[in-house]
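Record features (Swiss-Prot):
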type: TRANSMEM; residues: 8-28; note: transmembrane segment
type: TRANSMEM; residues: 61-81; note: transmembrane segment
type: TRANSMEM; residues: 91-111; note: transmembrane segment
type: TRANSMEM; residues: 144-164; note: transmembrane segment
type: TRANSMEM; residues: 175-195; note: transmembrane segment
type: TRANSMEM; residues: 216-236; note: transmembrane segment
type: CARBOHYD; residues: Asn261; note: N-linked glycosylation site
type: TRANSMEM; residues: 274-294; note: transmembrane segment
type: TRANSMEM; residues: 297-317; note: transmembrane segment
type: TRANSMEM; residues: 319-335; note: transmembrane segment
type: TRANSMEM; residues: 338-358; note: transmembrane segment
type: CARBOHYD; residues: Asn378; note: N-linked glycosylation site
type: CARBOHYD; residues: Asn419; note: N-linked glycosylation site
type: CARBOHYD; residues: Asn425; note: N-linked glycosylation site
type: CARBOHYD; residues: Asn452; note: N-linked glycosylation site
type: CARBOHYD; residues: Asn477; note: N-linked glycosylation site
type: CARBOHYD; residues: Asn518; note: N-linked glycosylation site
Amino acid sequence: MFKNRKYAIIYTFLLILRFWFSQGSSYIHPDEHLQSFQIFANKLFGWKVELPWEFTTKKPIRSVVPLNVMLLPIFLLCRCICKSNCSPYPILLFTRLYMCLISLLIDLSIWNIVPLNARWSALLLYSSSFMATTFQTHTFTNSIETIFFFLTILFLSKLNSVPLNKKISYLYTFLLAIVSVLGFFTRITFLAFVIAPYIYFSVRCFKKNVNNPKDIFLHLCIFVSVSFATVLACILEDYKFYGVFVITFWNNLKYNSQIENLSQHGLHSRLTHFFTNMPLLCGPLIFVPKLWDVRKPATWLWLLPVFILSLFPHQEPRFLLPAASIFIVNSGCLVRSYWIKFLFVMYAVVLAVFFGIMHQNGVIPAVLEVKNIIEQRNVTTMENCNLYFNPEMPTTIYFWKIYSAPTWMLARPKFSQINTSHLYNYSTKQMISKFWETYYEEVKVVNLPEENTTEFQASTLLVCPVAMLQTSSYLQNLTMLHYIPYHVDLDDTDELPLAELIMNHGIGIFTAKEICENNTITNELPTVLRSVG
């Protein structure tokens, strides 16, 4: 009894940590915004957004159904609370809090599928992993896929724990069919993850009920009919969103089966999942030999999907979230060494701090500051010159050398003249040239008769890491409107030494310095721009 109380206290502490990490401003990957917030910001709030290509291509490869099932409730709640005056940052925090809450479905599944003697060990080890504290609290489709994966295993195990002629077994079959279809519509990789549990539990179920073929047949009929009905419902829901009948998972499969398509997102060695991504996600546990024992069915729950996904050359760590999560659960059941568990927890803490707090954590504050700058209209630069922003006039915001900015957080009206552009791969010379070209197309002088003053209507903004311009002569013609000091960027170490990125950390919001003589804008380009040309 005392031991259970101790475990419960530790688990409560880990839950508090999970909720705390969910409220951070870290930015793990652009897809956590592109494939969720960008969709609902346009759909529910009427804000101007740049929809991701998966939803705008002629053959869409993403279904909106999983998003509607898992995320729509919290977005509707936010809209009901704030009415027409919604602020993007509270929406972000509420949604991450909601993701944290629904991640408890994984904890519930672990509690029910793990044997009693290893239940606390598995639950605590998983809860201490950085996947639970970071990835599962962010709005990734991979996180939603992981929830559906564990629910699938839960219903399969429940179906095996009761006779098939019991009424409750029909409910398990019904829920299993729905969850499986929703998981597949979330990501087609879901099929790779559920092959092993379906085979394992189906064989066990058949052996237990071999003398009841009618019950087996009835459950199969229920499973097939409910699955078919769910598929039709998903297709109809996608039709309402896209305006045409589309089978998104089929388009997704065709797209990802072509190497030339995958090459646009980056090609990796087919060994990346095994030798890089799984070790990254699982830390020191990956080196425990007993967890690789292929004679145990639990090993195949993670080994088979990793092998299948390794056949595709585009490989990212988040693609393995379900496999890595079940690997951690299995570790909690089999690993007895406290030293190995301690090393894993220390490793998880470091990764949780990095991904949950530090990683690209200046991007979201930078976007919010851009929103404030535009809404304030009158801004004083560090050189004490006044700039005037008119949201009704064309304004271009360039995001350079940072993750694709979550532009939904600008909360622009649907027909706003404020445009955004992400130019990650531009060189410094190309970026500065592009900036000035746009600036001289858009900048104007505005007379303010009430104040009897003349100010510049600034139009073009540049948001980028300050390290990229710190040692550049190009900086002399730019003025910084705002500085976000806390930003960890390890993606530009190929261009700048890591020490320089650390020393000159942070993100700056820049615009052109005042270039005027006698209240008129000169048509002469800055010297540095002429050198670019």
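The backbone N, Cα and C atoms fix where each Cβ goes, glycine too.
Since the structure is predicted, the reported quantities are computational estimates derived from the model, not experimental observations.
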Message: Quick check: do the transmembrane segment (175-195) and the transmembrane segment (61-81) share at least 3 Cβ pairs under 8 Å, counting only pairs 6+ apart in sequence?
response: yes
Task: Flag the pair the transmembrane segment (8-28) / the transmembrane segment (338-358) as in contact if three or more Cβ pairs fall under 8 Å (sequence separation 6 or more).
output: yes
- line: If you count the other CB atoms within 10 A of the CB of Asn419 (N-linked glycosylation site), including all protein chains displayed, you should get 15
Message: Neighbour count first, Cβ atoms within 10 Å, every protein chain included; then name which of Asn261, Asn425, Asn477 tops the list of glycosylation sites.
response: Asn477
Field: Closest-packing stretch to the transmembrane segment (144-164), where packing means Cβ pairs under 8 Å, from 274-294, 297-317, 319-335, 338-358
entry: 319-335
Statement: Contact set of the transmembrane segment (319-335) with the rest of its chain, CB cutoff 8 A exclusive, min separation 6+ beyond the ends, reads 106, 110, 114-115, 118, 121-126, 129, 131-132, 135-136, 140, 142-143, 145-146, 149-150, 153, 189-190, 193, 273, 277-278, 281-282, 285-286, 288, 290-291, 298-299, 301-302, 305-306, 309, 341, 344
Task: Find the one among the glycosylation sites Asn419, Asn425, Asn477 whose C-alpha lies closest to that of Asn261 (N-linked glycosylation site).
output: Asn425
- prompt: Reported as an integer number of Å, what is the Cα distance between Asn419 (N-linked glycosylation site) and Asn477 (N-linked glycosylation site)?
  reply: 22
Range from 61-81, 216-236, 338-358 with most C-beta pairs under 8 A to the transmembrane segment (91-111): 61-81
Task: Could you find out if DSSP has Asn477 (N-linked glycosylation site) as helix, strand or coil?
output: helix
